[in-house]
Amino acid sequence: MFVSYRWLQEYVDIKDVTAQELADKITKSGIEVEGVEVLNKGVKGVVVGHVLECEKHPEADKLSKCLIDIGEEEPVQIICGAANIAKGLKVPVAKVGAVLPGNFKIKKAKLRGEASHGMVCALQELGIDGKLVSKEYADGIFIFPSDAEVGADALEILNLHDEVLELGLTPNRADCLNMLGVAYEVAAIYGREVKLPAIDLQETAEKTSDYISVSVEAKEENPLYIAKMVKNVKIGPSPMWMQTRLMAAGIRPISNVVDITNYILMEYGQPLHAFDYDKLGSKEIVVRLAKEGEKIETLDDQERTLQSHHLVITNGTKALAVAGVMGGADSEVTNETVNVLIESAYFAGQTVRRTSKDLGLRSESSARFEKGIDPTRTFEAIQHAAALMAKYAGGEALEGVVEADNLQVQERTVSVTAEKVNRVLGTNISASEMGTMFTNLKFPFTEVEGTFHVNVPARRPDITISEDLVEEVGRLYGYDHIPVTLPSGTMTRGKLTSAQTKRRKVRRFLEGAGLYEAITYSLTSADKAKQYMVEPNEKAPVGLALPMSEERSQLRLSLVPQLLEAVSYNVARKNDSVALYEVGSIFLPTEEGELPKEEQHLAGVMTGLALHHAWQGEKKVVDFFVVKGVLEGLFDVLGVANQITYAPAKREGMHPGRTADIVLDGEVIGFIGQLHPEAEKQLDVKNTFVFELSLVKVFGADAEETYYAAIPRFPSMTRDMAVVVTKETKAGEMKQVIAEAGGELLKDVTLFDLYEGEKMEEGKKSLAFSMTYFDAERTLTDEEVTEAHNRVLTTVEEKFGAELRK
């Protein structure tokens, strides 16, 4: 919010306070002032000049030779290149010796052989942002009204001696999104009165109700709608003082009627809209919800497609405006407009916010409706606008208004005790001082034995509970005046949640296993969003309404595609061995219009060498079993290893013979495998393995407790076994059968070799297991181990048809 220091003085007497002092005081009261801008930017020596003569430069077609009266004894000759310079105009002139922004000094000069004693200025050359200059003067010099005094200070007329405070408002302080709201705040800080705008409205005998009727079908979305007619307006520029105030507020002047609606917006915080009455197409206004797919061309010349929850202003059939967001081009006020219908309404903030978001269209009006406006100002604002249009546009304000009023403004009373205020703030403020503060805030109240019952004005929707009143007292008392004290009360130790602890375990283990953590974008393209999903999902991924690019337009449903991008990027730069993991969220679509369900996943990608420089050993290439071993170690750390199984699977984008689902207690929670050769070809990578699983489901499983035991006093015995089985036999399933058959003496089973080669029969493979036998109470005899081992051999022969390799 940009606040003009001079404009603010119309509502609060602060002439004894500098703009910088005011900024410091406002900041200390709880509203941050992000900066104070001096509008003149060091400019001096610019006056109003009257063009007495203007003729073409004899040596240059695009230059004009002008004789200009600048209020001195003799007029001066100035060469000007502006296309809109002409005899009789009053223009800003930088005299010789003047200083313009950037410390640019004006000197006597010769342009194509002709002397030039000064410079005729455009507003941009005086330091005004080009975005705030009206279209009429965007490409030329500025022209003052004909009654401007020759030789007068041009900066004074342009209000460039003003200073502007930029307020960094938090969402709860929407009451300060207008000049009156800021005035109430400043008046409370300094204990002064607020001078409300005087409305001098002269109405004709004709009635607004003779020209228009109003009905509201969507009463919940639009509880209050007021309309008023102003006839016979003459479209032209708004008065100079209004234009300069709007520019100081960051709004570009357009015309008197439009500027007046914007001026009221900045003064009251009440959005208004002006319709060209003669373009309405009927004598009725109907406020309703849009029809699905209904279209309207808005003031920014864009055709918008509406949805059934959008609120529109119609003429009974056709949409004229998107309520609270932007008007329609068909009923826009133009230079030919004669009769104006003014709209002042209270639209539900939630409706406006959703419409604005859907259409990707934000405006000054929508920003205020979203955060909440004061419904008690709706009538006053439209009356003031009509008075200004009558005065500055030559219009005739018709008697009365037409309205559809279903609004019930309930009085809010919030109570707080002086004891609570002092206890919370750590102060010793008397009840009478608190009463003075509430009076300065213009909060009516009654006090009964130290308890304040405060009637909260409608302009302050942020005051709802007693703590809000405590904050108000603290702000006005001054946070810098509150005594410094040490914290008191019971202190508790912070701790990590179970999920946080487990996530740290995951990161530590994977980094210890040689993987590097990556953090990738949560946004991806539409074609990648549904790749490599753990669970199939028929619903469309959640997309952004206004994506920066198609590559970042959808919320991801898997972590793998983004990790593969990172691997492909590295491999393309000769970094062939890459091992990455990511702990991040995926976003599962729910019902239409609802927020997606966010779920934590773990994913990893490995390619190239698993061991780069093994000491006195061979380099090891990443394969399925390397990646599976990493996951098995992770599950062991998390205490769920015995609950995890693997099942062969076929997944899109994955190698059909080297992919497995990760199953936890019968439920598929993830997958592991090698990329499909076609996918590897597209990414230009080789032998790349991936995995992804749901951490939510892993963390939710019952983890096995960790037990500690003394170091064994008795030796263990190891036996190896290599068996030939069919290729369909699952090593994991056989391992489980071996563990059960070995009984209590068999403490560990490890698969250490898998062989499928030329020496094997067709459809056969060799699995080699190492088995460790141990008893903590005694030394096992060879006969006991042989008995248990033979039992294992017999079992695998019977269950799997295994043959012992010799």
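Every residue, even glycine, has its Cβ placed from backbone N, Cα and C.
Since this is a predicted model, take the numbers as computed values, not measurements.
Pulled from Swiss-Prot:
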BINDING   ASP462, ASP468, GLU471, GLU472  Mg(2+) binding site
DOMAIN    40-155  domain 'tRNA-binding'
DOMAIN    409-484  domain 'B5'
DOMAIN    712-805  domain 'FDX-ACB'
DSSP-derived structure type at GLU471 (Mg(2+) binding site), helix or strand or else coil: helix
The domain 'FDX-ACB' (712-805), counted residue by residue under DSSP: helix, strand, coil: 33 helix, 32 strand, 29 coil
Additional residues surrounding Mg(2+), by Cβ distance to the ASP462, ASP468, GLU471, GLU472 centre under 8 Å: ARG460, ILE463, GLU467, LEU469, VAL470, ARG475
Spatial neighbours of GLU471 (Mg(2+) binding site) that are distant in sequence (at least 6 apart) but have CB under 8 A: GLY30
Other CB atoms within 10 A, centred on GLU472 (Mg(2+) binding site): 26
Helix, strand or coil at ASP462 (Mg(2+) binding site) [DSSP, three-state]: coil
Secondary structure tally of the domain 'tRNA-binding' (40-155) (DSSP, helix then strand then coil): 12 helix, 51 strand, 53 coil
Helix, strand and coil counts within the domain 'B5' (409-484) (DSSP): 33 helix, 16 strand, 27 coil
